[in-house]
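Worksheet: the structure to be examined is printed underneath.
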Amino acid sequence: MSTAVRPDEISAILRKQLSGFDSEVDVYDVGTVLQVGDGIARIYGLSKVAAGELVEFPHNVTGMVLNLEEDNVGAVLFGSSDLIKEGDTVKRTKILASIPVGEAMLGRVINPLGEPIDGKGAIKTEIRLPLERRAPGVIFRHPVKEPLQTGLKAIDSMIPIGRGQRELIIGDRQTGKTAVAIDTIINQKASHTKEAQEKGAKPVYCIYVATGQKASTVAQVVNILEKHGAMEYTTVISATASDPAPLQFISPYAGATLGEYFRDTGRHALVIYDDLSKQAVAYRQVSLLLRRPPGREAYPGDVFYLHSRLLERAARITNDDALAKQMNDLPDSIKPMAKGGGSLTALPIIETQAGDVSAYIPTNVISITDGQIFLESNLFNSGQRPAINVGISVSRVGGSAQIKGMKKVAGTLRLDLAQYRELEAFAKFGSDLDKATQAQLTRGGRLVEILKQGQYVPMAVEKQVAILFVGTQGILDTLPANLVRKFEVAFLEMLELKHKDILNTIATAGQMDADTQKKLRQVAEQFLETFKQANVK
C-alpha cells in the first residue's frame with residue numbers, strides 16, 4: 001500500500017529538502033595533463049598559473065611550474081610520475097613553493113618540502129616562508145665583522161670566516177670536504193652553552209643540506225651530529241640520490257629559507273650546501289627534459305643565476321631594527337618578528353674532477369663566493385689532514401672578522417708555509433743547505449705538524465692561539481717533528497689544568513698583551529724541557 005502525498009504537503013517537503021542544500025560553489029582553475037614522464041608533466045589549460053607556483057596532481061602528487069609557454073606549461077613533479085597519466089586533471093593552488101619554518105625544525109631531518117622523514121612525528125610550526133626570495137639590498141646589509149669559528153686551526157688562522165660570508169669548500173671526492181663542514185657545525189656547540197651566552201656569545205643555528213648524497217651517507221652524518229650533541233641546534237635537509245631531480249634542485253633553496261628565518265629574527269645561522277655540483281646536475285636534467293636550450297657542458301644558460309641567487313641570500317643584516325623591518329621582499333608572516341643584527345653564513349661545497357678548478361661550475365661558484373678553501377688529494381694522501389692547500393685558498397672578507405690575537409700570531413704563518421713548501425721541493429735535489437734554509441725547513445715542518453688535526457675534534461680559538469704562538473715563535477724548533485702533535489695535546493691539557501688564566505685572558509680580551517705573551521713563552525719553554533726529558537731518547 002503506497003502512501004499518497006497530499007498536495008498541501010508538497011511545498012513543506014520541498015522547503016525542507018532545499019534548506020539542506022549548500023549553495024556555495026568551489027571554483028578551481030584546472031588544466032589537463034598532455035604528456036608525462038621522467039618527472040616532468042606538460043599541462044594544457046592553466047593559462048593564469050605563475051612561474052614557481054605549486055600545482056596539485058591526482059594521488060597527492062605535488063608539482064611546481066617552471067616553464068610558461070604559449071599553448072602549455074611545463075611542471076616538475078615532486079613525487080612519482082608513474083601515478084600520473086595523460087588526461088588527468090591538474091589544479092592550481094595559487095601558492096608559490098614554500099616551506100614551514102621555526103624552532104621546531106631544529107633536531108629534525110626533513111625533505112626539501114619541509115616534511116619530516118626521521119620518523120619522529122609531525123612538526124608543528126605556524127610560519128611558512130617562500131623558497132625563492134630576492135637577496136637583501138645593499139642598504140640592509142652590514143659589513144662582515146664578527147668571526148664564525150670553525151675550530152680548525154688551518155682555517156681560523158689563515159682563511160678566517162666571518163658571519164654573513166660565503167666561503168666555498170672545493171676539492172676532489174674523498175678529500176674531507178664534508179668533514180670540514182661537520183667539524184664547523186660541531187664547533188658551534190660552544191656558542192649554545194649557558195656560560196658562553198652569559199659572556200655575550202651569540203649562538204649559531206646550523207642547517208646541513210644534503211643534495212644527491214647516498215641515503216647511508218646522510219644517516220651517517222646525522223649519527224655523527226647526534227653523537228657530538230650537535231643535532232640540538234641543527235636541521236638536516238635531505239634530498240638523496242634516489243629522490244626525484246626536482247627535489248634535489250630545490251633542496252638548497254629550502255636550506256636558505258630556513259636560514260633566513262633565523263637571520264631575519266636577529267639571530268645567526270650557518271647553512272652548508274653539500275654539494276652544489278649535484279644540484280647543478282639535477283637542474284641540468286630538469287632543464288633538458290623541459291626542452292630548454294643547452295649551453296656549455298649541456299648546462300642551461302641560467303646555471304650561473306641558479307647559484308648566484310642562492311648564495312646572495314647569505315648576508316649580515318644591519319643592526320638597525322627599524323631598517324631591518326623595511327627589508328625588500330620581507331614576507332608578511334615574519335614582519336612582526338623581524339629584527340636587525342642577524343646573519344646567514346653559507347658554506348657551499350663543490351666537487352672537482354681530478355683537481356680541475358677551471359671547469360664550468362667550479363669557476364662560477366668561485367666567482368660568486370667571498371673566498372675558497374681548496375682541499376687536495378695529494379696532501380690528504382700524504383697524511384696532512386685537513387688537506388688544505390693554503391697557497392690557493394683565500395678568504396676575501398674574513399680578515400676583518402678575525403680576533404686580534406689570532407691575527408697577530410698567524411700574521412706570518414701563510415708566508416712561512418709558502419716558503420717551506422718552496423724550499424722543501426728544492427731541498428730534495430741538494431743536501432748542502434745553509435743554516436738559514438735549514439732553520440726555515442725546521443720551522444715549516446713543525447708548523448705543518450701543528451696544523452694537522454683529527455676529525456670531529458674542533459679546537460677552541462684561545463687554544464689555537466696558544467699553540468700557534470708556540471709554533472710561530474720557534475719554541476718547538478728543537479723538538480723532533482714526530483713528537484709535535486703529542487706535545488700539543490699534553491701542552492694544552494697542562495694549560496687547561498694549571499694556567500687557565502692565560503686561556504681565559506685570550507678568550508675574553510681576544511688578543512695577547514705583552515705580559516700574556518711573556519708568561520705563555522715561559523710556560524711553554526719550561527714544559528718543553530720536561531716533555532723532552534720524558535719523550536726524547
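Backbone N, Cα and C atoms are what each Cβ position is placed from, and that goes for glycine too.
Features of the protein shown, as given by Swiss-Prot:
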type: BINDING; residues: G171, D172, R173, Q174, T175, G176, K177, T178; note: ATP binding site
type: SITE; residues: S393; note: site 'Required for activity'
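Close to the recorded ATP site, the chain also has E351, L375, S377, F380, A387: residues not among G171, D172, R173, Q174, T175, G176, K177, T178 whose Cβ is within 8 Å of the site's Cβ mean position.
Considering only the binding-site residues G171, R173, Q174, T178, the residue whose Cα is spatially closest to the Cα of S393 (site 'Required for activity') is G171. Neighbours of Q174 (ATP binding site), defined as other CB atoms within 10 A of its CB across all chains, total 12. Residue environment of T175 (ATP binding site) contains 26 other Cβ atoms, counted within 10 Å of its Cβ in all protein chains. Note on the binding-site residues G171, G176: the fewest other CB atoms within 10 A surround the CB of G176.
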